[in-house]
Amino acid sequence: MEKINAVITGIGGYVPDYVLNNQELSRMVDTNDEWIMTRVGIKERRILTEEGIGTSYMARKAAKQLLKKTGVDPDTIDAIIVATSTADYKFPSTASIVLGKLGLKNAFAFDMWSACCGFIYTLDTAASMIQSGRYKKIIVIGADKMSSVVDYTDRSTCALFGDGAAAVLVEGTTEDVGLKDSYFRSDGHGLPFLHLKAGGSVCPASHFTVDHRLHYLYQEGRTVFRYAVTSMSNDCALIAERNGLNKDNIRFVVPHQANIRIIEAVAKRLELPMEQVMVNIEHFGNTSAATIPLALWENESKLKKGDNLIFTAFGAGFVHGASYYKWGYDGSTVEQG
Ligand code: UT7
């Protein structure tokens, strides 16, 4: 039997309309555009401001656009997997809500919870499911409403994050394209440096947790920065070396978008000019599991069949890794939905 490769055959995306720029942030906390631009590289981020809607709203919008753009029959979808750290509810899964809203009849759904590595870990999981031959079409969504866990009185974190979602369709092919290789590692020592203290089983919600503002993301930025640079650079170098990739045959590195200085360090390690690096941090900020698929969504028209891409991410846990992906279609021919 011929080997089945798992390939992305379409992308949809969604970001909320509301733009929170650095000027507005500097009226909320003691910060300024110059600090945020030089230290992080973010000008503005999108925020889902409407009350009563969460991550599934954005995920559904992205998946709807994906279905429209690809023209795929929704009844042929086998599964939806949502990568998120900001699920609508503790349970049920956000993916099950998206599935219900899309009206899929022959699919099952589950979430994967791997912080900023959510998309690359989920894509790899979906690829294995496709390669097994048991599933034909899987929707993978990276979606996060980071504004729901950001403390807008804390200047050290509130400038960093935004909201958004993007969805890809993963299918089988016998052509030599798709996910080729991944190197993933998790270093469980990351807990003290990046976490959300309350609301889980260790520290359930209470008056105390609310009074002490424990339902917001906590980060020791400098430590996370150091680990992120080292891990993402090493992971990319390893995946490049074992697949014979270099600056001449890599079309794009698509890094998680947490800090422009981290992204530049990764590019430097691979000796890549910034034109070969997808960057959307300036206008979307860190959308956690959504950064990489959103970058693909925005740059779809630049991608050609056979392009070599490296995806890389780092996040809470610490989780990190890199994947080698060979793009499967000419993006310039796709009608944008
Ligand atoms: O996606 C998940 C993974 N996350 C990441 O990869 C994030 C990694 N970390 C970072 O990107 C950076 O560490 C930050 C952007 C979070 C912070 O940048 P930094 O260069 O590491 O700054 P710092 O935390 O060392 O703070 C330097 C100074 C401090 O002032 P003092 O103590 O030197 O007087 C901060 O209080 O900058 C101050 N500062 C700010 N100033 C103006 C911190 N936040 C701000 C702010 N505006 N928003």
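The count begins at 1 with the first shown residue.
Just so it is clear, glycine is given a Cβ too, placed from its N, Cα and C backbone atoms.
Per TrEMBL, the feature active site maps to Cys116, His256, Asn286. Under the heading domain 'Beta-ketoacyl-[acyl-carrier-protein] synthase III N-terminal', TrEMBL lists 110-188. According to TrEMBL, the feature domain 'Beta-ketoacyl-[acyl-carrier-protein] synthase III C-terminal' maps to 241-327. Residues or ranges marked as region 'ACP-binding' by TrEMBL: 257-261.
When the domain 'Beta-ketoacyl-[acyl-carrier-protein] synthase III N-terminal' (110-188) is classified with DSSP, helix, strand and coil residues number 25 helix, 33 strand, 21 coil.
His256 (active site) is surrounded by 30 other CB atoms, counting those within 10 A of its CB over all protein chains shown. In the three-state DSSP scheme, His256 (active site) falls into the coil class. If you take every residue in the domain 'Beta-ketoacyl-[acyl-carrier-protein] synthase III N-terminal' (110-188) and average the pLDDT, you get 98.
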